[in-house]
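Engineer: Below are the features listed in Swiss-Prot for this protein:
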| type | residues | note |
| --- | --- | --- |
| REGION | 28-165 | region 'A1' |
| BINDING | ASP54, ASN56, ASN59, ASN60, GLY78, ASP80 | Ca(2+) 1 binding site |
| BINDING | 127-128, HIS167, 172-174, 220-223, ARG254, 259-260, HIS354, ASP398, ARG402 | substrate binding site |
| BINDING | ASN166, ILE217, ASP226, HIS260 | Ca(2+) 2 binding site |
| REGION | 166-229 | region 'B' |
| ACT_SITE | ASP256 | active site, nucleophile |
| ACT_SITE | GLU284 | active site, proton donor |
| BINDING | ALA342, ASP604 | Ca(2+) 3 binding site |
| SITE | ASP355 | site 'Transition state stabilizer' |
| REGION | 523-609 | region 'D' |
Amino acid sequence: MKKFLKSTAALALGLSLTFGLFSPAQAAPDTSVSNKQNFSTDVIYQIFTDRFSDGNPANNPTGAAFDGTCTNLRLYCGGDWQGIINKINDGYLTGMGVTAIWISQPVENIYSIINYSGVNNTAYHGYWARDFKKTNPAYGTIADFQNLIAAAHAKNIKVIIDFAPNHTSPASSDQPSFAENGRLYDNGTLLGGYTNDTQNLFHHNGGTDFSTTENGIYKNLYDLADLNHNNSTVDVYLKDAIKMWLDLGIDGIRMDAVKHMPFGWQKSFMAAVNNYKPVFTFGEWFLGVNEVSPENHKFANESGMSLLDFRFAQKVRQVFRDNTDNMYGLKAMLEGSAADYAQVDDQVTFIDNHDMERFHASNANRRKLEQALAFTLTSRGVPAIYYGTEQYMSGGTDPDNRARIPSFSTSTTAYQVIQKLAPLRKCNPAIAYGSTQERWINNDVLIYERKFGSNVAVVAVNRNLNAPASISGLVTSLPQGSYNDVLGGLLNGNTLSVGSGGAASNFTLAAGGTAVWQYTAATATPTIGHVGPMMAKPGVTITIDGRGFGSSKGTVYFGTTAVSGADITSWEDTQIKVKIPAVAGGNYNIKVANAAGTASNVYDNFEVLSGDQVSVRFVVNNATTALGQNVYLTGSVSELGNWDPAKAIGPMYNQVVYQYPNWYYDVSVPAGKTIEFKFLKKQGSTVTWEGGSNHTFTAPSSGTATINVNWQP
C-alpha cells in the first residue's frame, strides 16, 4: 500500500477527544505477543548477545577465546541468553517499551581462534556457523533458549533470531587446516568441508568484488565458505534447520546477506516458512548513502520478506547526525520509499546497527540522537533500536560499534524517549498503520501527520539546535481541542491548540524541540492496516489486522473470490484469520466486508503461490544477444510470469557459474508440477521469443534441480 499523502486541506472531525497523555489500552489481537505475522505495533531491540549481559559465567568460553574485560572486542565477552532473561525479568526492556528482541544467530559456531593481522578473532558475533541445528554453547543450551522464549513471551516480548544461511565460516581453498575449513554439520554429523568438497556443498568461484549482483551471489563474501543453495543437501538442510527454530517458538527471522544469495532460492525458503509456521521475516540488503536500488525494491516486493530499511537509516543519519541533508531530503525519502515498497510499513527502520558506525559520537550533542529516535519511533515501518543506543554508546566501524553495553540506566533521556513513544504503536493505529503526510516544512523543521481512519498523530521536529522556529499556518486532521505533548516536554515540546477545521494556533517550536500530539477514536468501518504473510499457497491461514471489522464474521475477498464461514478461522474487531482459497497462482487484492456488507480499503500485491516451492536452476545455452539485450524466462505458471513478457524472470546471469552465451537463473517454482517454459530476449519494449516448441520439465517434489536446454532459433 502506498502510504505517503501530499498535503491537502484537513477535514474536521466532530468526535470526542483523546488528549496527548494516555494509558495503554487493553491488548487487542493485532497487538498481541502471539501475532507473529505483524510487527507494525512493535518496537524491536537488537541485542548482540555476547555484548549485552553475562547471566551465566559457567558457559563462558575458556582460554584465549575469552576476554572478561571486553578489551579485545574480537573475543567473547560473556553475554548469554540468561543475561537477556535477567534484563527481561528486572524490567529494563519492558520499562523501555520494547516488545520484540532481535538476538544474534543462536546456532553453533566454530570454536577456532583465527588470527588476522596479528589480532585473534572468535565467532562471538554468531555469523561463523558450523551447525545450524545446535546452539552456540557460549550463549546457552537448548533449554536456555526455551527459557528465553518463555520469559520473553511472559512479558509480551517477541523473539527474532538472526539467521545467516549464506555461508558457514572462514575457509581457505588451498589450506584445509585453516580455521575449521568451513565445515558444515547436521546436528553433530559432518556433511562436508570447503576443501575436497566432493558433494559440491559450497561455491568455489573465488571471492566477490561486489561489481555485480551475480558476482555477489555466486562468489564468496570475503573468506567465508559460500554455501551452494542449488545443492539439494544444502537446500533441505537449511529449510529443516529453520523449521527446528520455528518449532522452538521464535516469532521472527532476520535473514543475513540476502543480496548475496540466489533470489529464487530465498523465495522457496520463505515459502517453506510461510507454508509451515509463518513469522515476520526481514532481510539485510545494505545500501550506501543516497543509494536507491530497484533490485532492492523488487526483492522486498516479491521475495516474501521485507528488508532492513537502509535507505531510511542513511537519510536519517544525513539529516540529524551529519547535517549533510535537510528536511526536504527526509521528506523525499519518505515519499520515494512509500512509492517503491509495496508494503512500506513492513520495512524495518533503524538509525544504526552492528555494520555501521554508531549514530552517537562521544563529543556530539545528545539531542541529535534523541530526535532521530523520536522520528524513527513515530515514522512508518517497524522501528529497531540497536542495544546501548539508549545509553548513548558511541563507536566507529566493526568492532568498535559492538562494545559491551556500559550500563542499564533507566534515567537517560534517550531511554525515556523510547519509553514514552514506544507504547503509541500499541495504542494508536495511526503510528502502526497510518499514512504519512507532510504538514509543515522548511530546511530545519518537519511537521508530519500519521493517520489511520480517525486516528491521528502529529509530530514536529526542529533539528536546529540553536534557533527556535515560528510555526504558523499549520493545518492537521486533529479535532478541535488542546493536545499535550506525548513526550511531556522531554525534548522541549509544547502543547498544541487546534481550532475548527484542524487549524493549529501559531506557536514556537523550541531549538532542538520535538513534540508529539495524538488522538484516537473508534473506527466504524472496516480498515485494513496489515496483512501477513504476503505470500503463501492455498490453504495457509493468513492474518489481517486493522480496525473496525466488527465482532461478527463477514467476508474476505481475494480478488473477486469470496471467503466466508469455516474458512475464516477467527474474526474480531482488530484481527481476522482466514485460509487462502483454492485460486490460481498470482497476485491478488485483498479486502474485507463486515457482517453488514460494508467494504474495507484494498490491500494489494498479495501473492498466492501455485503450491509448495522448490528452487530450480534454468540454463539456456548459445543464446547470443545484441548490445543492450538480455535473456529472460517465462512459462506456464505464475511463478514464471504465465507467459507475460512483462512478468518474465530475469535478466538472467552469464558471468560466474555459466558464461556468455550461456545464461542461468535460480527460480522458485511449484514442487512436483510439470511446467512448460521458454526463453526470450528483451531490449526495452522489444521482445524476441525463442522459436520451436515449448520446453517441458517436471519440478522435483523437494530439494533442487537444474534444467539445461539450448536456445531454439
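Each residue, glycine too, has its Cβ placed from N, Cα and C.
A description of the local structural setting of each listed feature is requested, covering burial, neighbours and distances.
Structural biologist: Across the region 'A1' (28-165), the model assigns an average pLDDT of 98.
Sequence-distant neighbours of ASP54 (Ca(2+) 1 binding site) (same chain, six or more apart, CB under 8 Å from its CB) are ASN60, CYS77, GLY78, GLY79, ASP80, GLY83, listed in sequence order. ASP54 (Ca(2+) 1 binding site) falls within neither a helix nor a strand when secondary structure is assigned with DSSP, and so counts as coil.
According to DSSP, SER173 (substrate binding site) sits in a coil region rather than a helix or strand.
For ASN166 (Ca(2+) 2 binding site), the same-chain residues that are 6 or more apart in sequence and have a Cβ closer than 8 Å to its Cβ are LEU221, LEU224, ASP226, LEU227, ASP256, ALA257, HIS260, MET261. ASN166 (Ca(2+) 2 binding site) carries neither a helix nor a strand DSSP state and counts as coil.
Under the DSSP three-state reduction, ASP256 (active site, nucleophile) is assigned to coil, being neither helix nor strand.
Cβ-based neighbour count (10 Å, all protein chains) for GLU284 (active site, proton donor) stands at 20. In three-state terms derived from DSSP, GLU284 (active site, proton donor) belongs to neither a helical nor a strand segment and is classed as coil.
Neighbours of ALA342 (Ca(2+) 3 binding site), defined as other CB atoms within 10 A of its CB across all chains, total 20.
Within 10 Å of the C-beta of ASP355 (site 'Transition state stabilizer') we count 14 further C-beta atoms, all protein chains included.
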Engineer: DSSP helix, strand and coil counts for the region 'D' (523-609)?
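Structural biologist: Summed over the region 'D' (523-609), the classes give 3 helix, 47 strand, 37 coil.
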Engineer: For ASP398 (substrate binding site), identify the closest of the recorded positions ASN56, ASN59, GLU284, ALA342, ASP604, judging by Cα separation.
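Structural biologist: Spatially nearest to ASP398 (substrate binding site) by Cα position is GLU284.
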Engineer: Could you work out which of the binding-site residues (ASP226, ASP398) has its C-beta surrounded by the smallest number of other C-beta atoms within 10 A?
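Structural biologist: Relative to the other binding-site residues in ASP226, ASP398, ASP398 has the fewest Cβ atoms within 10 Å.
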Engineer: I'd like to confirm something. Which of the recorded positions, ILE217, ASP355, ASP604, has a Cα closest to the Cα of ARG254 (substrate binding site)?
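Structural biologist: Of all the candidates listed, ASP355 is nearest in space.
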Engineer: Let me check the 10 A CB neighbour count of TYR127 (substrate binding site). How many other CB atoms are there?
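Structural biologist: Taking all protein chains shown, TYR127 (substrate binding site) has 20 Cβ neighbours within 10 Å.
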